[in-house]
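If you check Swiss-Prot, you get these features:
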{"type": "ACT_SITE", "residues": "LYS164", "note": "active site, proton acceptor"}
{"type": "ACT_SITE", "residues": "HIS283", "note": "active site, proton acceptor"}
{"type": "BINDING", "residues": "ASN112, THR162, LYS166, ARG284, HIS316, SER368", "note": "substrate binding site"}
{"type": "BINDING", "residues": "LYS190, ASP192, GLU193", "note": "Mg(2+) binding site"}
{"type": "MOD_RES", "residues": "LYS3", "note": "N6,N6,N6-trimethyllysine"}
{"type": "MOD_RES", "residues": "LYS190", "note": "N6-carboxylysine"}
{"type": "SITE", "residues": "LYS323", "note": "site 'Transition state stabilizer'"}
Amino acid sequence: GFKAGVKDYKLTYYTPEYETKDTDILAAFRVTPQPGVPPEEAGAAVAAESSTGTWTTVWTDGLTSLDRYKGRCYHIEPVVGEENQYIAYVAYPLDLFEEGSVTNMFTSIVGNVFGFKALRALRLEDLRIPTTYSKTFLGPPHGIQVERDKLNKYGRPFLGCTIKPKLGLSAKNYGRACYECLRGGLDFTKDDENVNSQPFXRWRDRXVFCAEAXYKAQAETGEIKGHYLNATAGTCEEMIKRAVFARELGAPIVMHDYLTGGFTANTSLAHYCRDNGLLLHIHRAMHAVIDRQKNHGMHFRVLAKALRMSGGDHIHAGTVVGKLEGEREMTLGFVDLLRDDFIEKDRARGIFFTQDWVSMPGVIPVASGGIHVWHMPALTEIFGDDSVLQFGGGTLGHPWXNAPGAAANRVALEACVQARNEGRDLAREGNEIIRAACKW
């Protein structure tokens, strides 16, 4: 029975007649094979290398049931308009993955295979997470409805502001900027993603001044205010220590950079936040390293799905209109994946699989990066009510300074929401609506 030697992957791992199971994790890869490598072989190689395969036939294959555990490439289609590029669909049996570990899921699916010689490039476009697997994750600490109830804010997007200059302010001046923005009418202020604990502002001092800012603004406005305290740190222990301190100060929300911090750290923090009533704001620093290339890497919708499983209440999702990249339909596709329970397959929006999250709470998308008051009508229309709109320079860059900048954003937002509720067309009349709002 046993013959050593190298053999074609497609003999074992390309199974076009396979019927996918409801418990399978399905992946859609954009495969660019090297010249001369047939697409079936390339697709099968991806399935093999990300599941049970190795480059040769091994004796120990006889000790397990490959049919039960192997990944299968079950469908291949050419990409329209691209030469020698294919979408390969791969099904992975549920047993290949550890329960409740995004880290393990990614190690399996994208761990090794991206350096594969037979491929010129490889991109993971989408994943279908079966409910049997997603149920092993706790997901977002609270979710959209709970957050609205905690903050007592309904029927409009939330407003945030990243404190700039992002690096260099002392703790006290930082807190002062927070206070002015919150007092002016924003719901949240935010630590920038790279504000952790540097020599010019240590985390504990910053947190104390920011908490003071929030309480003072809360007392004066009668609205609940929050500052995203960035708990990202060099070790998981230090990260939790910062989150504990935020809780002791009574802060409503903390923040984490989930890609640089890592999924393991992020999931730990999400569990802590759920147990202690903290909201969790997620920044996606480093995402473009992974998702910006069209032919290689991973699409952000995969990172977004992973975050919903790992846990976070807000996540940055591009703006469609600001300084950072993001196409409208694709962005709305993964915004729905973050917020909704059930998302239909829709290739025009980049959604390769129907995804059913069942009862897993949703994540609020955050639009942030180079947006300002004149983008407000577009943002209100694109993102709808369940979103956070964040204006950093768009608040602090106001010629009359921070509080008026914040007030301008709040007035513009309320005007846009009111106009929308009256049935006006924001896309067409947006500028007028904002001009009229300036007058009061």
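Using the three backbone atoms N, Cα and C, a Cβ is placed for every residue, glycine included.
Bear in mind that the values here come from a model prediction, so they are computed numbers and not experimental data.
Cβ neighbours within 10 Å of LYS164 (active site, proton acceptor), excluding its own Cβ and spanning all shown chains: 17. Other than the site residues LYS190, ASP192, GLU193, same-chain residues with C-beta atoms no more than 8 angstroms from the centre of those residues' C-beta atoms, the Mg(2+) site, are THR162, ILE163, LYS166, ASP191, ASN194, VAL195, TYR228, ASN230, MET255, HIS283. Other Cβ atoms within 10 Å of the Cβ of GLU193 (Mg(2+) binding site) number 20 in total over all chains. For HIS316 (substrate binding site), the recorded positions whose C-alpha atoms fall inside a 10 Å radius of its own C-alpha are HIS283, out of LYS164, ASP192, GLU193, HIS283.
On a Cα basis, LYS164 (active site, proton acceptor) lies 39 Å away from ASN112 (substrate binding site). For the substrate site listed in the record, the two most distant Cα atoms among ASN112, THR162, LYS166, ARG284, HIS316, SER368 lie 37 Å apart. Using ARG284 (substrate binding site) as the reference Cα, a 10 A cut-off selects GLU193 from the recorded positions LYS164, LYS190, ASP192, GLU193. With the fewest other C-beta atoms within 10 Å around its C-beta, LYS166 stands out among the binding-site residues LYS166, LYS190. Residues near ASP192 (Mg(2+) binding site) in space but far in sequence (CB under 8 A, at least 6 apart, same chain), listed by position: THR162, ILE163, LYS164, LYS166, LEU167, ASN230, GLY392. Of all the binding-site residues listed here (LYS190, GLU193, SER368), GLU193 has the Cα closest to the Cα of HIS283 (active site, proton acceptor). DSSP assigns GLU193 (Mg(2+) binding site) to coil in the three-state reduction, placing it in neither a helix nor a strand.
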